[in-house]
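Undergrad: Pulled the feature table from Swiss-Prot, pasting it below:
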type	residues	note
DOMAIN	60-165	domain 'THUMP'
BINDING	M183, L184, H208, F209, R265, G287, Q296	ATP binding site
Amino acid sequence: MQYSEIMVRYGELSTKGKNRQAFIGRLNGNVTRALHEFPRLTIRPKRDRMHIELNGEPSDQVMARLSQVFGIQNFSPSIAVEKDMDKVHAVALQLMNETAPKGISYKVNTRRSDHDFALDTNAMNLDLGDYLTDKRPDLVVKMHQPDMILRVEVRREAIYLSTKTIQGAGGLPVGTAGKAALMLSGGIDSPVAGYYALKRGVDIEMVHFFSPPYTSQQALNKAKQLTAKLTPYVGRIYFIEVPFTEIQEEIKAKVPEGYLMTVQRRLMLRLTEAIAQQRGDLAIFNGESVGQVASQTLESMAAINDVTTMPIIRPVATMDKNEIIAEAEKIDTYDLSIMPFEDCCTIFAPPSPKTRPKTDRARYYESKIDVAGLMDRALAGVKIQEIKSSDQFMNQDQDVIAELL
């Protein structure tokens, strides 16, 4: 079936009142970026719907991209027909023949923005219903919860017919909730946290700590590839690489083993906050889940959060590990996340870290190191890269990956 357009229905935008136009404008920009590889498209955002005219572009490929754009409740591929009922009948029958299996139930549902058209909504429903009953007597008309709905939109320029409704990604358009930094470790949890942040309309930047020679180039490439996995939802994400070797070595030399992880996480948070403030980010997201590891007990979180007043948001905080894994598989980050390249959270990890560290002790041990100097040197070495969904960082690592797996 050659579709003419895709009709997009908004998600939570319907609740946004006076901000509705700003949300629609942001969604229009996000959709335009997501579909930039299809130059013949015409995108027309309206108050209650968005219409994407295909102009010969492949509908399946366009819909696959569209399904990853947050802020969309659902969408329907549609066929434009001249406002001639004989032609509408013919296309409606063709559409039902191609999409409606024998014996299913259906109803006709008409919306009319062109009130000058000869038939009103009820008359249109009856006209098409009678025609289809005559041509497809195997179909059963059912007004409540039918198997299929033939949707009809009567607009000024044409009549649009559709039988498919495809679920969108939901959520809010990315960027409508502001911008934040995400602490990306390379494990399973933080990419899922990033996905949830994007879904709530937050434009995220990835902050990744890199400690050569203790962490490898493969570990860095893995973190970049995880970022690329999330970019289809937003178009591009900035990846901020923070050198952390000197800080880790200094902490290992001067801080008791039980507090290594706590002080290390405090420095990570200090650096993330500094970067966030420089770049206008309003909050910090991470992949912490309460009680999952020693640094994620409530006592540990309190001792670590002590260094910042910036909001710390933990989207997966109350999820079980199996729930996080299921979401990682759904967004296609799980297989990457479990590749066994050490990151800076695992090197120097003590065998028995404090699970209930005291904030005053953490402050005391942190005072033994030159926090300001270490941070200045780390921030001076920060590298920032814009990552897009088409970027590939793991290709050169295939032989290494094959050996590991």
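Cβ from N, Cα, C; glycine included.
Since this is a predicted model, take the numbers as computed values, not measurements.
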Undergrad: What are the sequence-distant neighbours of G287 (ATP binding site), meaning same chain, six or more residues apart, C-beta distance under 8 angstroms?
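TA: G287 (ATP binding site) has long-range Cβ partners M183, S185, G187, I188, D189, S190, P191, V192, A193, R314, P315, V316.
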Undergrad: Could you give the maximum C-alpha to C-alpha distance in Å for the residues M183, L184, H208, F209, R265, G287, Q296 that bind ATP per the record?
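TA: So the maximum pairwise Cα distance among the ATP binders is 18 Å.
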Undergrad: According to DSSP, which of helix, strand or coil covers R265 (ATP binding site)?
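TA: Once the DSSP labels are grouped into three classes, R265 (ATP binding site) ends up as helix.
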Undergrad: As a quick check of your reading of DSSP, tell me how many residues in the domain 'THUMP' (60-165) are helical, how many are strand and how many are coil.
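TA: Result for the domain 'THUMP' (60-165), in helix, strand, coil order: 37 helix, 31 strand, 38 coil.
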Undergrad: Rank the binding-site residues M183, L184 by how many other Cβ atoms lie within 10 Å of each Cβ and give me the one with the fewest.
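TA: If we count Cβ atoms within 10 Å for the binding-site residues M183, L184, the smallest count is at M183.
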Undergrad: Hey, does DSSP put L184 (ATP binding site) in a helix, a strand, or just coil?
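TA: Its secondary structure by DSSP: coil.
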Undergrad: Which of the three DSSP states, helix, strand or coil, fits H208 (ATP binding site)?
TA: strand
Undergrad: Please state whether DSSP places G287 (ATP binding site) in a helix, a strand or coil.
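TA: The residue in question, G287 (ATP binding site), is coil (DSSP, three-state).
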Undergrad: Taking 10 A as the limit, how many CB atoms besides its own sit near the CB of R265 (ATP binding site)?
TA: 24
Undergrad: Under a criterion of Cβ-Cβ distance under 8 Å and sequence separation of at least 6, what residues of the same chain contact F209 (ATP binding site)?
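TA: Residues satisfying the criterion: V242, F244, M268, L271, D343, C344, C345.
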